[in-house]
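> Here's the feature list from TrEMBL:
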type     : residues : note
TRANSMEM : 131-148  : transmembrane segment
TRANSMEM : 168-188  : transmembrane segment
TRANSMEM : 209-234  : transmembrane segment
TRANSMEM : 240-257  : transmembrane segment
TRANSMEM : 298-317  : transmembrane segment
TRANSMEM : 323-340  : transmembrane segment
TRANSMEM : 361-384  : transmembrane segment
TRANSMEM : 457-483  : transmembrane segment
């Protein structure tokens, strides 16, 4: 989305987006629905982010995003048909309706969405996706690891034989988790994340940069003390993923039980939903275990550090097998730049959807503990058994492509011109506003930061050119992930900024790629 302008440019654009209306998507009972609309009726008419028709008020409010109103969608997710809400001394039936000026296209679109939300979409979301993800992905990681090693007679039985790990893999997982935990307990400056809708500001350890460089130094010392460590990590990768798999599933089970019976914030309750869906999405937004924020531990300190250390190990293992190769080095350096920047920017990550919206469950925690080490490292992992075939010149070209991606540098003059922006009033906070940039890169596409990330990913996958589709698996996955995320971002922004977001979308009509999407 467009970054906000407040003296400096914020390139992530998800800052200060604690919007309660988006959380409505996660609630699915009539009681929650009634509370949502009752709260809206208490606001002045100008603050209604969608139209509401009542028995004694012909029309209150106005449509802010004509063809895809996010709050309409949230209401549909809440199964809001006619809902009785007590206001004053009489009961009134309130229901979201389209204004008299709405076009037939919007009416038909809305009808299709209502039908979808009440039928197959609900079945897919609550009853199909969770068990599918819980069965397929934990099973496929060992299969991928064996295939990446060059094993072509991979059977599910062979993959299952690696599922419980071995003594080496459990030692590696234990050392990594212990190392990450120590760094979340050592004295360091604490920083607070964005406030939740129930008033809690999660504390985080702000020592990511030091943790990153000390971890790399420690790994090189271990490699020097135990020659062959990197090759052992490569050869035991299927077992390593098996140990991570078991650990992550046990953690998700613990978080599920804790969220049900011992939540850190009992006031942050959601209506009951299918058990597998609750396990999949998680129950608590900011759970803590042993004095640590769970998502900082799993997402940042274990998942991302495992990514960094594993690609170093795979590069060393490849050199030991095939000798020095510029393409493999480019693959390592571009990813390392990306990861070093993440730990430098770690506080900014605490303002993103992963932290402020997604709850700590299988989707986030298992994904960071298992899927990141498996898929995100796969372009490097695959090159160990399948050495790069591209020329040195092509490798240098891939490096330049990856390094060239850039974003606004924080100054108030963009491309030689004063920054232009739209003042956006916050629907959820009367009297407050933000500034949405329409200059520089943010005037080209609303999520151009995602476009740059895709370019960087493509660049570090290019050393695998000529080796088939496998070295590009992460790139394909990231395209799907970020396209999905653009719609999640925009739904949240349309609720947060109302009319101003519609104006911004007219000023910047493209999401990721100008003239394409």
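Keep in mind that glycine also has a Cβ here, set from the backbone N, Cα and C atoms.
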> Given the cut-off of 8 Å on Cβ pairs that are 6 or more apart in sequence, determine whether the transmembrane segment (361-384) and the transmembrane segment (298-317) share at least 3 such pairs.
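Taking Cβ pairs at least 6 residues apart, the transmembrane segment (298-317) and the transmembrane segment (361-384) are in contact, with 3 or more under 8 Å.
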> Thinking of Cβ pairs under 8 Å, which stretch from 131-148, 168-188, 209-234, 323-340, 457-483 has the most of them with the transmembrane segment (298-317)?
209-234
> Thinking of Cβ pairs under 8 Å, which stretch from 168-188, 323-340, 457-483 has the most of them with the transmembrane segment (209-234)?
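Per the Cβ under 8 Å count, 168-188.
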